[in-house]
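Per TrEMBL, these features apply:
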DOMAIN    72-286  domain 'ABC transmembrane type-1'
TRANSMEM  12-33  transmembrane segment
TRANSMEM  76-97  transmembrane segment
TRANSMEM  109-129  transmembrane segment
TRANSMEM  162-185  transmembrane segment
TRANSMEM  206-228  transmembrane segment
TRANSMEM  265-285  transmembrane segment
Amino acid sequence: MNDKPSWNSTWRAWMYLLPAVVGITVFFLYPILLSFDMSLHTKYNYYKSIVYERGLDNYIFVLNDPEFWLALKNTLIYVVGVVPLSILLSLSIAMMLNSRIRFQAWFQTLYFLPLITSVVAVSLVWRWILHSEYGLLNSMLGWVGVAPIEWLTKPEWAMPSLILFSVWKGLGYNVILFLAGLQQLNPQLQLAARMDGAPKWRRFRYITLPLLAPTLGYISVVSMIHSFKAFEEVFVLFGKSPGPMSQAMTVVYYIFRKFYNESEFGIASAASYVLFLIIFVFTLIQLSIGRKKVHI
């Protein structure tokens with residue numbers, strides 16, 4: 001029996017793949033190459049499609065720009081705040097939903113709603129919740145004697161407000177993934193540990209958490225990458241600004257401002273590749289740590 005594919009079947013396979021290949025090339029590979037080339041343009045006239053000089057000046061400018069380092073600092077604080085808090089809350093909610101509570105399907109839908117709701121619509125609700133005078137959060141804090149907080153106008157509260165909003169917005173996706181992972185675990189292991197008298201925290205520490213490590217690793221990597229690319233949350237929550245005194249400006253917002261507001265296309269492209277390298281390094285670190293802890 002000849003298992004070698006015929007020329008006809010190979011040709012048909014490539015015809016099926018052609019639309020996807022064209023789409024990836026036009027909308028993914030070509031923009032990547034074009035933006036990298038643009039990051040090397042140091043003297044240009046894009047309106048006439050003329051490039052006079054190329055070099056690394058844009059990268060040097062980015063690495064010496066205090067505004068970029070402020071954006072990077074804010075982004076790192078944002079990542080450190082959002083990723084662990086989101087994972088902790090979503091895992092707790094998923095474990096609660098996995099315990100066969102009443103109206104389980106209804107709760108799953110409820111937690112997933114923020115993810116599929118428009119960011120603009122959600123931001124309007126949160127701008128009301130965080131309003132300093134008549135916001136819901138300050139009203140609740142007032143019940144316990146806490147003075148009103150200017151969440152969106154004070155620099156020291158800009159980042160906590162952004163983190164709170166982002167955690168709530170992305171909670172549903174992580175809950176669904178954790179719930180799917182929990183439902184794949186062998187219940188016999190939990191039953192055996194329960195019969196041996198192991199308390200809940202020990203069953204979680206030595207059974208649930210190790211078996212859930214692949215899901216946990218995937219969610220942590222995806223959440224980190226998504227958090228590094230935060231933009232729309234800042235844009236809509238603070239009304240098209242990077243927050244008071246730019247305390248909520250992320251690296252992607254910095255890129256946006258350089259590209260659209262200041263027409264510094266080369267600098268914006270260079271900053272995007274610096275961000276790519278940062279994400280790449282952090283992802284490699286996470287994957288190397290996960291490889292030591294996860295055995296597939």
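Every residue gets a Cβ built from N, Cα and C, even glycine.
TrEMBL does not curate its annotations; it predicts them automatically.
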Residue numbers, six or more beyond the limits of the transmembrane segment (76-97), whose CB comes under 8 Å of its CB atoms: 104, 107-108, 111, 159-160, 162-163, 166-167, 170-171, 174-175, 177-179, 181-182, 208, 216, 219-220, 223-224, 227-228, 230, 250
Surrounding residues of the transmembrane segment (206-228) on its own chain - C-beta under 8 Å, 6+ positions past either end: 75, 78-79, 82-83, 86-87, 90-91, 95, 166, 170, 174, 177-178, 180-182, 185-186, 189-190, 193, 198, 251, 275, 278-279, 282-283, 286-287, 290, 293-294, 296
